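Asker: Below is one structure. I have some questions about it.
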Amino acid sequence: MCGRYGAHLCSAQRWLDFQGDKNNGLAPLQIDFQLVPDGVEPGEGIAPLDVPAWRCDQAPDEGQEPCSCQDCALSCPPVVPPSEPPPPFRVGRVDGALLLGALLFASLALAFLLASLCRKGTGRAVLQPGGHRRRVGEGWQRLMERAFRRWGAAVAARPVPVLALALLAAGGLAAGLARLRLTTEPVELWSAPGSRARQEKEFHDRHFGPFLRTNQVIVTVPGRPGTAYHSVLLGTKNFSGVLAPDVLRALLELQEELAGTAAWAPAAGRNVTLRDVCYAPLNPGTPGTADCAVSSVTQYFQNNRSRLALRAWQQDGKPPGTVDWHDHLIYCVNSPLSFKDITALELSCMAEYGGPVFPYIALGGYPGSEYTEARALIVTYSLNNFPAGDPRLEWALSWERRFLEVLRDFQSRHRHLRVAFMAERSLEDELARTAAQDVPLFAASYLLVLLYIALALGEGTAWHRLLVESKVTLALGGIAVVLGAVLAAMGLLALLGVPSSLIIIEVVPFLVLAVGADNIFIFVQELQQSPREPGETREQQVGRVLARVAPSMVLCSLSETLCFLLGALSSMPAVRTFALTAALAVALDLALQLSAFVALVALDSRRQEAGRFDLCCCCGTGKGGTAGVGTGLLRPLLERYYTPVLLHPLVRPAVVLLFLFMACSGLFLLFHVSVGLDQELALPEDSYLLPYFSALNQYLAVGVPTYFVTTGGYNFSSESGTNAICSSAGCDADSLTQTIQLATRFPNVSYLAIPATSWVDDFLDWLNPMARCCRVHQSGEHKGDFCPSTSSDPSCAFGQCVKAVRRPTPDEFQRFLPWFLQDRPTLQCPKGGLGAYDTAVSMDSNGTILATRFMAYQRPLRTSQEYTAALRAARALAQRITGTLRAVPGTDPDFRVFPYTVTYVYYEQYLTVVYEGLVTLALCLVPTFAVSFLLLGMDARSSLATLLTIAMVLLGTVGCMALWAVPYNAVALINLVAAVGISVEFVSHITCAFARSRQPTQVARAKEATVTMGSKVVAGVAMTNLPGVAVLAFAKARLVRIFFFRLNLIVTLLGLAHGLAFLPVLLSYLGPKPQVPAGEDTPGDTVQGTALGLHNPHFGDKDRDRDRDKNRDKDKDKDKDK
């Protein structure tokens, strides 16, 4: 309304001057206005013009419209501010979750103490025969034991053929790794193909092309003071230290170097320059370097050094004086769409490529609208994006690689500047670099675990038999079995076309190693501690031992396999693929351990009995014999010191109360776990992207563009359809653009900062017959064709497209819209749609509109929580607009409006990740109970104890995530699913040993289970995990340190504590009553007890221990004789 002065510099005189300017396209002749100052009488014969004036929200006459809300704030309808997000749940001044957790703990603790004190009976635990369900369960257990006894003896009798078949099967499946496809694209990892965000992204890309590739530089000058500039025309302005001639010249130097640089594209066999890959909105066909869309403050001078150095005398200044780049910059940041400034320099504000540069894009860190006080200069190169497989994608990647090289060199040359930068490819490059750097670390972790297993499996009953009783070869074989299962699982999935990822390669081997190592220790140590019975062969001994331990192995592995299979129901591709791989790997590991590893144990037993050395079976002592029976170091400690204290009558209640407190604390902390993943966490601490993200969060004034996309089925050409979209006079108050504009008033709720640009509004202005934009040749060879605004052909003089200021008819709309979209903006017609809107409207060959988009800007978003909230708010806003537009006559019922920006596809998962995580983990717990119930002889109590303990481990893990700043996201969910599997290892073996125990009391059974199986769990699970996890603390990638080191350490320590402390105590209270097997007489013996525990929690049966010691002494005597 003020012409070249713009809104910011507008005054009454300037407004009137523009209204009377015959060059404004509206005034029929030149009109000069002279304002009469207050208190000054006009000259003789002069009468002041005193006519009625209307406010902008008033119509001057009937049948006319007032200004729209977009142009006049008074015309805007009253808007009820949207409700702020609900405050945190509190009761008075107390955190609501804390209060609930405290009340829950108090209730559970009171209920436990009352139940313990009020236990009925005399305290004497009587052995009673089991019921029908118990007898069925024991029959099933005996059937399994017989089957495994026969299977173990058969495998031990033919170890070599079994190993050959196992190797052939595993090797055949692992051969599928040749077809392994690693997924590194984050979209493919974390966004399901059928998700809403993916579907909307594909719709957008299909109609408008992929989102542009962004390459950005942020320049600051820390510590440099600003200066005040006194403009003779525009007043005094403060200029920051970064808006200085030397910095602007350095920026021009960088842009000139990038404009002239070339990058070699190996696949294309050619050099690639900026013009080959850049986005050139006004010359997309054959762009030159000057046509590339580069957003920079130097574009106000068209990237021209001479214009930056220009000075001129400003005669109409107050007072007259010299103007220079300062004045031009002040004007342009306030009127970025101007083709000529108001200074004597008479320079354009438009960029070299012909488009505008908005100050909120090129400048950052300024207070309010004081752009000259900006603390950062932002340069943005927009490149065309191409789908995967397009050879031009390699061109863009090559140029971006060269872009990063140039920036590093520029950074080293200009030490006084702080330069932060990134390319579109940067994040993926840094992740790949970090993964490559951490590969040796993961290898060292596996080697450390391997070394531990090799050393811990050996017996070492005597120094002279150390090399014979060593188990290094067996340990290597056991590890080979585990890794063979992992490779076979990945190979099979590769053959089936299921892609893998780096997170699977890093996590699944750890998980399966924990499962496999535990089974290895259980089997080998049980064999070491079970002397061969009189007349029993080696093969029969292996079968007998396998019959004792295989049910426990099957229980854990089957529970984990079903758990992971149910976890594969997740919609997240990375979680689903991980769960499938883990399930298949655990199942194959069980199969190989029951076959190949049993064969290896039989061969190792044969070697040991022959007195041959480990690792060198050709040599030996020549003294054979059966293996000695040893207990190891842990078992005596557990038996003599740990379990008597743990199961003491006064300690047991304290243990229960302590773990109840931990569970309730975990429940409270669960509400304080942050959801999301800030992209900085994925980067190593030495990444050049960290300063960039820091500068981005600190200085950027707006966020990424957000498009409101309309699908097909809407009639834009009808008057009602047009009015429901536009925002000028005569448009609906709740139109699309008006609704978005009103939402920007509340950026804290809508997360929108800049209203949407509207091609419909500009199209209507372009059709205005008072302008010279839309004209038609009236005669000559081009009759009926479009006449550009720059043409002076006489046949265009009276060839306006429409003859009055009105809405176009549907035919006019369809005919002139393509002309508008291809019309280049000029000084005579700045409303041309080329560059701004030619890619905003998708039409078919018949001119039917298939899709359109309206671009707004988000406010700066800094955390993943803000990105998620912005997505939620944008979808709610689009839903409201959809409802309004569907009410327009002729609109398809399936028509809709949806928001789209490049980040939505990554952050959509956080809308549902909490619910999906709860469902996934709940599904994982179901098979744990079901399998335990079946394999433990339909023992509901023990199965419930298992389920409760695993759930408490998960609850404690989530609580520790809040304490140790581990956010919850899909990566954390993968680790929590893995935590269920590891917890099963800590819990189920001990529960299985408790169910198998024939001790007369619950406390004695809990002690025997802890002693016999606890040592194996510590050695096989905890000590296998801890060395490998500890190494990850030194990983370069913070993602590895946070989600793999911290989470795995938490799970291992909590699993160990719950498995060796809480579970035995829980079983001593809630475990099934001691019962005799079916068919045996009911003994009359009773065991004296108390309400909270037994007076003497030691084993009630000492005879078996004495027999074991006698057998051990006999074996030693035999060895001496030999």
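Just so you know, the numbers here start at 1 and follow the chain as drawn.
Cβ coordinates come from backbone N, Cα and C, glycine included.
Automated prediction, rather than curation, is the source of TrEMBL annotations.
Take a look at what TrEMBL says about it:
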- 1098-1122: compositional bias 'Basic and acidic residues' (COMPBIAS)
- 438-603: domain 'SSD' (DOMAIN)
- 1077-1122: region 'Disordered' (REGION)
- 97-118: transmembrane segment (TRANSMEM)
- 151-178: transmembrane segment (TRANSMEM)
- 441-462: transmembrane segment (TRANSMEM)
- 474-496: transmembrane segment (TRANSMEM)
- 502-524: transmembrane segment (TRANSMEM)
- 545-572: transmembrane segment (TRANSMEM)
- 578-603: transmembrane segment (TRANSMEM)
- 650-671: transmembrane segment (TRANSMEM)
- 944-966: transmembrane segment (TRANSMEM)
- 972-996: transmembrane segment (TRANSMEM)
- 1017-1037: transmembrane segment (TRANSMEM)
- 1043-1067: transmembrane segment (TRANSMEM)
Asker: For the domain 'SSD' (438-603), what's the model's average pLDDT?
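Answerer: Mean pLDDT across the domain 'SSD' (438-603) comes out at 84.
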Asker: For the transmembrane segment (650-671) and the transmembrane segment (1017-1037), decide whether they are in contact, meaning at least 3 CB pairs lie under 8 A, counting pairs 6 or more apart in sequence.
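Answerer: Not in contact, no.
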Asker: What stretch, picked from 474-496, 502-524, 944-966, 972-996, has the most CB pairs under 8 A with the transmembrane segment (1043-1067)?
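Answerer: Result: 972-996.
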Asker: Counting Cβ pairs closer than 8 Å, which of 151-178, 944-966, 972-996 has the most of them with the transmembrane segment (1017-1037)?
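Answerer: The stretch with the most contacts is 972-996.
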Asker: Can you name the far-off residues of the same chain, 6+ from the ends of the transmembrane segment (944-966), with a Cβ under 8 Å from a Cβ of it?
Answerer: 659, 662-663, 665-670, 672-673, 921, 925, 928-929, 932, 972, 976, 979-980, 983-984, 986-988, 991, 1042-1043, 1046-1047, 1050-1051, 1054-1055, 1058-1059, 1062-1063, 1066-1067, 1070-1071
